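Visitor: Pasting a structure below so you can have a look.
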Amino acid sequence: MAATALPPLPQQFKSIQHHLRTAQELDKREPVVAYYCRLYAMQTGMKIDSKTPECRKFLSKLMDQLEAMKKQFGDNEAITQEIVGSAHVENYALKMFLYADNEDRAGQFHKNMIKSFYTASLLIDVLTVFGELSEENAQHRKYARWKAAYIHNCLKNGETPQPGPIGMEGESFADVEREEAGSSSLHSGTTQPTSSSTYEANNIPTSNYTGIHIPPGAHAPANTPAEVPHNTGVTSNTIQPAPQNIPLVDPSLYSAQSAGEVRLTPEDFARAQKYCKYAGSALQYEDVSTAVQNLQKALKLLITGRE
């Protein structure tokens, strides 16, 4: 994207600098997510200070970036339809979260997994563009922020982190933020990351753990593309799509009969729409199994009025 370069970030907008950095890093790989990162930064900045001249100038240039992206990707439903955009951002955020969680549970502690936890928390912030966070996503954000700080501080102090969920104690997130802030420049409109925000998702849990629930359709597919960071000593390999176990279509759907005249409530329509949203987003990641499961749930709800 030939984006308009942003002026220096006003001090008042320090809280959104990491979201803007994430947008820059994702411009080529995930332009939809990058767009909503900027939209979040724009909305948040407007609430912080829209009157100071330097803030107005910054927000004006940021708005130019958003308009340019909207024009460039105007035929993308994830840009034009919020419900599709919400599903896209949510899936990407949870994909990063679950990669980091998988690495954490395996005892593989490195800067890349810390950054994935950290970025996942930022992208869950971005979901507030679409409304109030669900309880599950709020828990994911809290856990991701804590894990990033905890593992970062352990490695910094020469300690071995404990894998998996443990009692969440107070951890300073300042060091993580400072390190991330120093990895790129917002002033020039270009990004110079110290390492790639990359991941390879395999054997990722898709159900409940320690009270944190993963929504259906939100887990990472096994064939998530990856770029191996230069400082790991690992060579990059093309990841082949993993065989998928496609669930059988529920035979009861063939003979499902509505009990009289089914009266669907607005909540029923919302739930069915959400299942379809998850199915569509899962297909973007070639996750056929999850798409089929969610489409079946939507169909059953619409036919019978029950889940």
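Cβ atoms are placed via backbone N, Cα and C, with glycine included.
Residues or ranges marked as compositional bias 'Polar residues' in TrEMBL: 182-204. TrEMBL lists 15-157 with the feature domain 'Vta1/callose synthase N-terminal'. Annotated domain 'Vta1 C-terminal' per TrEMBL: 266-302, in sequence order. What TrEMBL records for 176-204 is region 'Disordered'.
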Visitor: Quick one: DSSP breakdown of the domain 'Vta1/callose synthase N-terminal' (15-157) into helix, strand and coil?
Guide: 120 helix, 0 strand, 23 coil
Visitor: Mind checking how the domain 'Vta1 C-terminal' (266-302) divides into helix, strand and coil residues in DSSP?
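Guide: Looking at the domain 'Vta1 C-terminal' (266-302) with DSSP, the answer is 34 helix, 0 strand, 3 coil.
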Visitor: Looking only at the domain 'Vta1 C-terminal' (266-302), what is the model's average confidence as pLDDT?
Guide: 79
